[in-house]
Structure formats: C-alpha cells, structure tokens
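Data first, discussion second: the structure below is written as structure tokens.
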Amino acid sequence: MKGTCVIAWLFSSLGLWRLAHPEAQGTTQCQRTEHPVISYKEIGPWLREFRAKNAVDFSQLTFDPGQKELVVGARNYLFRLQLEDLSLIQAVEWECDEATKKACYSKGKSKEECQNYIRVLLVGGDRLFTCGTNAFTPVCTNRSLSNLTEIHDQISGMARCPYSPQHNSTALLTAGGELYAATAMDFPGRDPAIYRSLGILPPLRTAQYNSKWLNEPNFVSSYDIGNFTYFFFRENAVEHDCGKTVFSRAARVCKNDIGGRFLLEDTWTTFMKARLNCSRPGEVPFYYNELQSTFFLPELDLIYGIFTTNVNSIAASAVCVFNLSAIAQAFSGPFKYQENSRSAWLPYPNPNPHFQCGTVDQGLYVNLTERNLQDAQKFILMHEVVQPVTTVPSFMEDNSRFSHVAVDVVQGREALVHIIYLATDYGTIKKVRVPLNQTSSSCLLEEIELFPERRREPIRSLQILHSQSVLFVGLREHVVKIPLKRCQFYRTRSTCIGAQDPYCGWDVVMKKCTSLEESLSMTQWEQSISACPTRNLTVDGHFGVWSPWTPCTHTDGSAVGSCLCRTRSCDSPAPQCGGWQCEGPGMEIANCSRNGGWTPWTSWSPCSTTCGIGFQVRQRSCSNPTPRHGGRVCVGQNREERYCNEHLLCPPHMFWTGWGPWERCTAQCGGGIQARRRICENGPDCAGCNVEYQSCNTNPCPELKKTTPWTPWTPVNISDNGGHYEQRFRYTCKARLADPNLLEVGRQRIEMRYCSSDGTSGCSTDGLSGDFLRAGRYSAHTVNGAWSAWTSWSQCSRDCSRGIRNRKRVCNNPEPKYGGMPCLGPSLEYQECNILPCPVDGVWSCWSPWTKCSATCGGGHYMRTRSCSNPAPAYGGDICLGLHTEEALCNTQPCPESWSEWSDWSECEASGVQVRARQCILLFPMGSQCSGNTTESRPCVFDSNFIPEVSVARSSSVEEKRCGEFNMFHMIAVGLSSSILGCLLTLLVYTYCQRYQQQSHDATVIHPVSPAPLNTSITNHINKLDKYDSVEAIKAFNKNNLILEERNKYFNPHLTGKTYSNAYFTDLNNYDEY
C-alpha cells in the first residue's frame, strides 16, 4: 500500500512538473522525427480531377492500348477520359432495369446494393469486356473501345462477376481470348470459384463446396505468366487446427488444362496453392496474415504484396516482395496432405516436382495434362511456404492499414530505386523508397493528403502509368491524376536535396530543381537519396476565431464609460519549435461611450474689408473627441465674430463710367474692327482698360467681275481657200473684294472669225469648231504633239505561270511646240503573257505506319503506303518513280481450330436437300479465324435398302423377290449378336467402376438433394466435408455445376447476343432465400 502511494505521488509530481515547465515538454516535442506531409492545399495545384453527376464508386480503372485514354468504371456508368487532363470523351449510362431492381428488393437487398457496380473492366485489342453486378444479377458486355455505346455481345456475368458489390473478385483476359475469373458464383456468395470461360478451351472451375480447394476466399489479383495463370487471395486456413485464422495464398493453374476424364470432369486438374509468408522476424514472429493488394513487375519477376493484420487485431501493415522463382520453388516441393479429418497434415512427396503443364500425347488420356487425376484430387496444398526476398518486410507501419499498392522503378543519379505508392484506408498515399540492393532500409518520403482537413474516406483503386509517370486514384466521387515528378515544388537547393526524392535533383546550371530528363548534364545534377527526409516541425502561430462581444468598462479622465470587447488567442496553431508569433491585435474594443470635447479655437480670419468697418470670425468643433455611443455633447458656441478696421477711413471712390456705343466698323465686309470707350471718374487710376475692341462685318464680300472691251480685229497668219482668219482679245477678272478699284485684269480671251477673200460673205464665226476656237487662243505658231507608232512587245518576264511584257510609244510625231497641247494617253502599255502554269514534278510523301497484321495466325500480312502528293505531279510534270505500297508477312504460326465439329446431317427435306451446321467457338474471332460458312447442304442420299413408294409401284417381280430375301433367320441372328455384345459392354463398365471404387474422399462433388444417412455414432467426429465424400456421392455427382450454356465445355458464341437471367440447379434452390 505504501509503495502504491509513492508511485501515485511520483506521477502526480511529474504531472505538476510538466504543467510548471511547458518549455521542457515542447523541447521534447520538437526533437521528434516525422515524415513530410503534403496537405491537400499544397498538392491541389498539381492535381487533375474528374467528377460526374450521380456517378460514384470509381473503382475500376484501365488504359487503352495506345495509352492515350483512361477507361473508368463507376456505379451505373462507363467513362472514357483524356489522359492529359481527365477531360470527358464519352460517358455511357449502364443502369439496371426496373424489373431486375424489384427482384433484388424482393430478396431483401437495399437500394444502395441493387445497383450496377462495375467489377470487371478488361481491354482486349479494340474491344472492352466489362461486367457489372446488375442488382445481384451479373451481366457482361463486349463493347467497342472507341465507342462504348456499341455493344457487340451480351452474356451472363455468372462466374465472371460477383453478385454483391461487397465481394472481392479478380479477372483477366488472355491473348487467346480466355477469361479467367475468381469470384463467387451464387447469390449468397457461398460458392467461390476460379473459373475459365470464353475462348476455344473448355470451361473449368475449382471443386464446388470443397474447403480444401477454397475456404471462404477473398480474391485479390491474377496474372498471366508463362504457362500458368496465377491467383492471389486470402482465405480461412484449412490446415490450421487451433481456432480460425486467415492465411494468404498464391495459386496457379495451367492454361492448357482441359479438365479430367471420368474424374475431375469440368474441374481443374492442375490447381495448386501455397501459403505466402510476410512476418516480422523474432523469437516469436509477428505475422501479417491478410493479403490486401499486389503489384507485378514483369521485368524483374517481382511481386509486391500488401499484408495487414486481422481485422480484429491491432492495425498494422507491411510490404513484402516475392520472386517468381520462390513461388515456383514452393510449387515444386512436397504437398501438405491430410488422410482424413482425424489425421494430421503431413508432407507428401511431389510426384511431378518439375511440372510445366506437359500433356499426354496418346492413349485414353490424350491431351490431358501429365498430372495424375487421383493426385490432382488429393494434393492441393503445398507444404513449403513462399518466403519473401528479404527476411524483414520491405516496409512496415503500425496503426495503419494499407489497401492498394503501385510500384515505379526510378533511375537515380547513382542507382535504380523502387518507389512504392501505398493507399491507406483513410484517404492518403504514402510514398516509400526501397533500394534494390537492400543495403539500406526503406524510407517514407512523403504522405499525400487527397482530401481537405477533417475529411477521410478509403481509396477505391490505384493505377500507375509508367510511360507518363502519373498515378491515377479512384475515389468514391471522383478520379484524381497525380504527377509523380513534382520537382518544381521545391524552390531552393536545400529543399530539393533535403527531400531525398529519387525523381528530383538540383541542376547547377539552371539553378532549379529538375528531373534527370530535364537536366542539361548529369555531371551538373546534384542528388542525395542516402537518408530519410524529416518533416519541418517549425509551426508559425496563427490566431483562432474571435470570442463573442462582451460588455467592458473604460475610464475617460474622471468619467467611466461602457464598451464592447472581444479577444482571440494565438492557438490555431500556437507557435512551436521556433515558429513566428501571431501578428496583429489579440483584443478589439468597439462601441465605447465617449463625451464630446471642444477643439481649440482657430485663428481669427482676415478682416472682411480693407478699409472701413468689417468683421473677423473664428471657429471650433465638438470633435476632441466626438461624442459616441451615448456620450455627452459639447456645451457652448462653435463660432465667434468681432469688428475690425473701425478707425481706418476709406479714400474717395474711383469708378468707371459705363461703356459707350460701338464705333463704325473699319470694313463693310470681309471682317473689320470696331471699338468702344469708357471714362474713370474721381481719379485717373481706375483698374482696367478704357478701350475695348471687337471684330465686325465678318460676312464674306460679294464676288466682283471686271471685263475689258474687245480689241479691234487683227488678221492671223492662217489662210484657207483664199480667205483669212482674224482674231480679237479681251480680259476678265473675278474676286471677292470690298473695293471694286482693287480688281486687276487677268485672264485673256481670244475670239476668231473667217473672212472670205472675195468679200461676198464678209467675216463670220459660223462653222468654226470648238476645238479650232480653243486652238485659236494660242499663237498661230503653236504645234500640238502626236504619238509615234507602238514598238514591238518586249520579251515575257516569265516562261510560265503568268508573266508581264510591255511596249512603248513616244510623243514626237510631232512634238508639242510653242504652247501646243501634249499627247494624250499612256506612253507605256503592259500585257500578261505565258499564263499557263509551270509543270510540277511529283514527289513521294512519307511512308505511313505499318498496318495491323491482317490475321493473328495462319499467315497474314501488314502493309504501308505512300502517295505521290508531296507535291502531286501537275501541268505535264514527271510522275513519282517507285512503289506506292509495301507488304510484309506476319503471324505465320498455324491457327488454333476456331470452328466446332460439323453437326450430323439433317433429315431429308421435301426439297431433297440435307443440311448440317457448325459454330464459331471464339468470342473474339480475328483474321482468318471462323472464315467460311456456318451451314452446308447436299442432295439427299437414300439408303440402298430403302425404295420410295413410287418406285415400289413400278418395280418388277424380280426386285420384289430380292427385297423378300431378308427372312426370320436373319432377324434371330442379329438379335443374338446384339445380346452378346451388350453383355460384354456391361461387364467392361462394371470392371472399370470397381477399379475406381477406392478413390480418395477428395473427389469433387456437389451437395446432393437427399444425402444418404450417416452412422450417428461417428457423426460428431466427421466434418461437413466428409459427408459428401462417399463413393455413392461420387458416382451420382462427379461433375461440377457449370453455367448452363457451358455444360458442353464450349462457349456458344451465338448465344452471346442474348441476356440471360441466372439459373440455379435443383440442389441450389434452398439458397435462394438467403
């Protein structure tokens, strides 16, 4: 008791000491090491997002073959997005019909569950194979990748897609067109299976209701690797005898497996599984048992896996890396086998330690795998555990659960490193660096927050595109694109190097943080990735929210007034580890009551007069301070006045008289000046001018015209037919002037007349043309100019494609003289010539890319073309020399059989024709596959012993006798032979069945409708599985429950255009109510 009191006192003292010394606690806090965290606000400018109205659960992401588009599957929707900016290319709504929803509601499911959740999204060539839960009635479609609305086939999603959106599943599509799916095959999810369908191989599945094959699995991923298809999942450990625990598994099947014959029909004969170990080593290892996600690096044959603790355990996660060789080694080792339910699990030697899916070439089991069918029934679980590359997990973290993983291989300055992106269950992505040589430990480089503060939700999917270094994240309400190289995020050299980011380094020349590809020279590129980055714990202080306004008091001299006050604290956050204190006031005061006070008086204003009695003014205001919020106003006057200049007499008053009238304008038109005057009374010194001027009569003067009289007629030195010409002159002048005397004679006018020499007609101006009269204005010796003849056309400036030529003439025939008129018109003329285009020689364009091979097998060809269009030959130019098409052979390997066997010939029709048919067994025929007709006809072939009725009527007596030669003796002989042959066949079948009566209780069976009663004395010692291991059950139910359209082992492509509702067998009807 005393010791307890001492301990309590110590803890109490320690608490009091911490309260009294907070600086010591802060110092400890600032010395801790944390990884950098990029907030949603910081990463926001780098993100690209896509959202769609009413679309949620963006859980399926894949890329088109050209890696230019992102295909997204959400609830009730399919989307095609641009990889660059996630802009929408196409959106297709894929919703359940009302009848399907009502059927789902009737089975007790909620509205949220009865939707179409996309769970399979696979790209095969130019097609998109996708499946959805379709309100617990799964359905699959085969669409065009370039147009999602174009549906080529629609088939049932049973065994290809889960019924419930809560069930985990995985699927892959091989190059041969086979679909491998791992999912639940029934409505309640009690029949899990790894199932193969489509393609040319028969459908197969794991044994039904056999916990040694699959025991409540959660499927994670699947990969097509070499001869095998690998599946990764977690399940309840059937080999664990003490309680219930979950183990992680790697399973594989051969891709050429066609099932068994008599045993394991429609069932895998090559299915094997092994446990995956991911644990923290120690005297008592700490196991991470539950596999959550995987990522396969085919270049290095490495598989990264995320493992967590059980859901009811402490949260912890780890990343373990497995080599394919280690997985293959486990499958080559011994099996773990339990003889019966009371026996222990013991190792059993592997009959085929180096099994590589070889097949039997001849005999009864031709084309079956080399594995013995009885061994395939018994030996499922491998004894050895698959160990990771390193004994310690590559990365571990407590108090956290990872859900998805993606891996990128990055070339650093000195070495290759692996970058692991881990999605957490609370909506962040952790970026971890793992060295390849394992000489140093892994580092958590940063954690990216995809949601604002205080908002958390799990990540639905994670896909990485190595060619563009981007990460795509599927969330509930949107898709996010995150660039992996964000070197511009680091502004200084210290932050760039200190980030320890393998993608980034400091370029000494450009003086900025760049990626290795952006750097000008590796020698000038600095990078350090030898340590782990630490988070800067310095926190600058920021104020919190203001408190509500509260009443408070203040003292104003001797008076006390009331105010409203509010405060805020520097605690959002408080400054830590050397951070800045908050800037700004921590308290605000408002609405304080205040009494008014007078300001001091202003100075007296100048006197209102310079002489004689005037007055002066001074003022003050009630603003020192202004009364506010109920304060007292000022008492007294705010203005005072007084007289001034009482004794200063003014001198006599001098003033101007009024202005006199305007004097006469100096001009009658065209603008003049006029003046007016005034007189200064009582003195000579009045301010201002005594004369004022202004413009007047600004209107324009009228136009005046003055013409001189004609001069006498005078003869001109021009004669005509014995007569002569005479001329006379006068001058005319026009102007706008106020005085007509200012006009002067200007322009000369000439007038001519003709006088006959005989004096009979006198002189007259009649008959003189205007041109002659005009010419008469000049001297008699005036010579007008005239053009010479045109010269020949000059040579064309171009040989083709439109040139120019010209010709000239000169004004010298005669030249104008003595004031004669010059030549009229141009002296130079231009004309187009050689207007035909120039010939153009053709030139080949660049070769087009090679086309796809015309056939996937059996010998096809691909080709490329070019055209004589760079430029094309024209106007007589030479054509291109050479071939415009090149072809080459491709895919010369022989094709697998794509047609089913021909059916039997039909009965002879009335038209005398028999018909038989065949079907294409490929869902995706390519090239020459399934070429030819699906039906074939021929004329009827009659039996030689059959004679038509028409022939009987016309037959001879000899023919009748020939038909009657088959008598009773022949019938007895045939009957005895048939009886003996039947007995022999019955004996052979009985002997064969006795041979297999001792087969293992691991035979694949389904639940019988009415199982045989068991011995009650040992019922308590036999597990549920042993109830269905009897020989009788094997005889009655030696086949698996396959999909109806696949019971014949082959997929019927002609049924894919229909929509199938799920069909349950009789033995499954009792589960429909769950």
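From the backbone N, Cα and C atoms, a Cβ is placed for every residue, glycine too.
As the structure is a computational prediction, the values presented were derived from the model and not from experiment.
Database features, via Swiss-Prot:
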type     : residues      : note
DISULFID : Cys131-Cys140 : disulfide bond
DISULFID : Cys254-Cys357 : disulfide bond
DISULFID : Cys278-Cys320 : disulfide bond
DISULFID : Cys496-Cys513 : disulfide bond
DISULFID : Cys607-Cys644 : disulfide bond
DISULFID : Cys611-Cys650 : disulfide bond
DISULFID : Cys680-Cys686 : disulfide bond
DISULFID : Cys796-Cys833 : disulfide bond
DISULFID : Cys800-Cys838 : disulfide bond
DISULFID : Cys811-Cys823 : disulfide bond
DISULFID : Cys857-Cys895 : disulfide bond
DISULFID : Cys868-Cys880 : disulfide bond
DOMAIN   : 540-593       : domain 'TSP type-1 1'
DOMAIN   : 897-944       : domain 'TSP type-1 7'
CARBOHYD : Asn142        : N-linked glycosylation site
CARBOHYD : Asn168        : N-linked glycosylation site
CARBOHYD : Asn227        : N-linked glycosylation site
CARBOHYD : Asn277        : N-linked glycosylation site
CARBOHYD : Asn323        : N-linked glycosylation site
CARBOHYD : Asn367        : N-linked glycosylation site
CARBOHYD : Asn437        : N-linked glycosylation site
CARBOHYD : Asn536        : N-linked glycosylation site
CARBOHYD : Asn591        : N-linked glycosylation site
CARBOHYD : Asn717        : N-linked glycosylation site
CARBOHYD : Asn933        : N-linked glycosylation site
SIGNAL   : 1-22          : signal peptide
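The structure, with features from Swiss-Prot marked on it.
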residue: Asn142; record: N-linked glycosylation site; DSSP class: strand
residue: Asn277; record: N-linked glycosylation site; DSSP class: coil
residue: Asn323; record: N-linked glycosylation site; DSSP class: strand
residue: Cys496; record: disulfide bond; DSSP class: helix
residue: Asn591; record: N-linked glycosylation site; DSSP class: coil
residue: Cys811; record: disulfide bond; DSSP class: coil
residue: Cys823; record: disulfide bond; DSSP class: coil
residue: Cys880; record: disulfide bond; DSSP class: coil
residue: Cys895; record: disulfide bond; DSSP class: coil
residue: Asn933; record: N-linked glycosylation site; DSSP class: coil
Rounded Cα-Cα span from Cys796 (disulfide bond) to Cys838 (disulfide bond), Å:
14
Rounded Cα-Cα span from Cys644 (disulfide bond) to Cys611 (disulfide bond), Å:
9
Under a three-state reduction of DSSP output, how is Cys611 (disulfide bond) classified: helix, strand, or coil?
coil
For Asn168 (N-linked glycosylation site), which residues of its chain lie six or more apart in sequence with Cβ-Cβ distance below 8 Å?
Pro162, Asn218, Phe219, Val220, Phe233
Could you give the Cα-Cα distance between Asn323 (N-linked glycosylation site) and Asn591 (N-linked glycosylation site), in whole Å?
76
What subset of the recorded positions Cys140, Cys278, Cys320, Asn367, Cys857 lies within 10 angstroms of Cys254 (disulfide bond), using C-alpha positions?
none
So which one is it: of the disulfide-bonded residues Cys131, Cys650, Cys811, Cys895, which has the fewest other Cβ atoms within 10 Å?
Cys650
Could you check which of the recorded positions (Asn227, Cys320, Cys868) sits closest to Cys650 (disulfide bond), going Cα to Cα?
Cys868
Could you round the CA separation between Cys357 (disulfide bond) and Cys686 (disulfide bond) to a whole angstrom and send it over?
132
Cβ neighbours of Cys680 (disulfide bond) where a neighbour is any other Cβ within 10 Å:
15
Return the residues near Cys644 (disulfide bond) by Cβ distance under 8 Å, restricted to its own chain and a separation of at least 6 in sequence.
Cys607, Ser608, Thr609, Ile613, Gly614, Phe615, Gln616
Closest to Cys131 (disulfide bond): which of the recorded positions Asn142, Cys278, Cys496, Cys880, Asn933, going by Cα position?
Asn142
Counting Cβ atoms within 10 Å of each candidate's own Cβ, which of the disulfide-bonded residues Cys320, Cys686, Cys880 comes out highest?
Cys320
Among the disulfide-bonded residues listed here, Cys140, Cys607, Cys796, Cys868, which has the most company in the form of other Cβ atoms within 10 Å of its Cβ?
Cys140
Fill in the CA-CA distance, Cys857 (disulfide bond) to Cys811 (disulfide bond), as an integer in Å.
89
